[in-house]
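Below: the structure, in structure tokens.
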Amino acid sequence: MRINGETKLTGIIGYPLKHTLSPQMHNEAFKALNLNFLYLPLEVAEESLPQAIYGLKAFNFRGINVTIPYKEKVFPFLDEVATEAKTIGAVNTIVHDRGRLIGYNTDAPGFLLSLKENDVEVTGKKVLLLGAGGAARAVAYALLTAGAELIIANRTIDKAKELAKDFQGVGKISEILELGDKPISLAPYHMAVNTLPLGMHPYENQMPAVDFTGVTSDFVAYDLIYNPAETKFLKASKEKGARTINGLSMLLWQGVLAFEKWTGVSPPVKVMKKAIGLSC
């Protein structure tokens, strides 16, 4: 990879970034297309976030990804936010265009592309969304726009109600459930999506309180976590014969869309898959 005065800079801002796979995914794609671009991990403490975002203009970055915990916090520092990102309430991709920083959300369409890749149809289907935080918002928006009937389960009912209120004009949210000690039956649903940190470090031995009784091979278990590749939730689902998808697929497709926005060209998807350990 060549780096010179004409190299266009991209990257990811978040905290922490120790386990991010995005740099290797994007840099391998740049290399494959012989593009003079570089993708950097930019670990930024919260008190330095304003300077970091404004610095994108100073250092003439072409764009960046935004990850936890800043997807909602970057809004005040942007010149423009795309309508979809405003509705979702989160920005995960920023494009620097002629001195203006424009915020987008590629998580939602990336999630839908991951469903398409895995031949999962959600139109008219009942989907259980586990969680109502920042990660859940993009998934909820994606599912609702695809015509799914959404049921939201969260430990804090008020937060689930807030999400439902924000998206009441987007699609059908038919029920809000309390995610507590009493397990929620998965049997009535076509798919369940875990957006909670239960299953990732340091909660590897935990999963949402759900009951797998009645789950069949038609059921789809989706976990946004990709490290570990198989969470306790996915493992239990697989043991019941269900189809399972981890977060690598969404990571890939949101990255594909961000890549296109920065470069104006379609990335080599197979190269990106290989870079993050996804089978082609």
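Glycine is treated like the rest: Cβ placed from N, Cα and C.
Now, the feature entries from Swiss-Prot:
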{"type": "BINDING", "residues": "Thr20, Leu21, Ser22, Thr67, Asn92, Asp107, Tyr226", "note": "shikimate binding site"}
{"type": "ACT_SITE", "residues": "Lys71", "note": "active site, proton acceptor"}
{"type": "BINDING", "residues": "Gly131, Ala132, Gly133, Gly134, Ala135, Asn154, Arg155, Thr156, Ile157, Asp158, Lys159, Leu224, Gly247", "note": "NADP(+) binding site"}
Asn92 (shikimate binding site) CB neighbourhood, other CB atoms within 10 A: 29
Cβ-Cβ distance under 8 Å to Ser22 (shikimate binding site), same chain, at least six residues away: Ile12, Tyr39, Pro41, Asn65, Leu251, Gly255
Proximal but sequence-remote residues of the same chain as Ala135 (NADP(+) binding site) (Cβ under 8 Å, at least 6 apart): Thr195, Leu224
For Arg155 (NADP(+) binding site): intrachain residues, at least 6 apart, with Cβ closer than 8 Å: Glu178, Leu179, Gly180
Closest of Asn92, Gly131, Tyr226 to Lys71 (active site, proton acceptor), Cα positions, binding-site residues only: Asn92
Helix, strand or coil at Leu21 (shikimate binding site) [DSSP, three-state]: coil
Number of other Cβ atoms within 10 Å of the Cβ of Gly133 (NADP(+) binding site) across all protein chains: 15
Site with most surrounding Cβ atoms, counting all protein chains shown within 10 Å, from the recorded positions Lys71, Lys159: Lys71
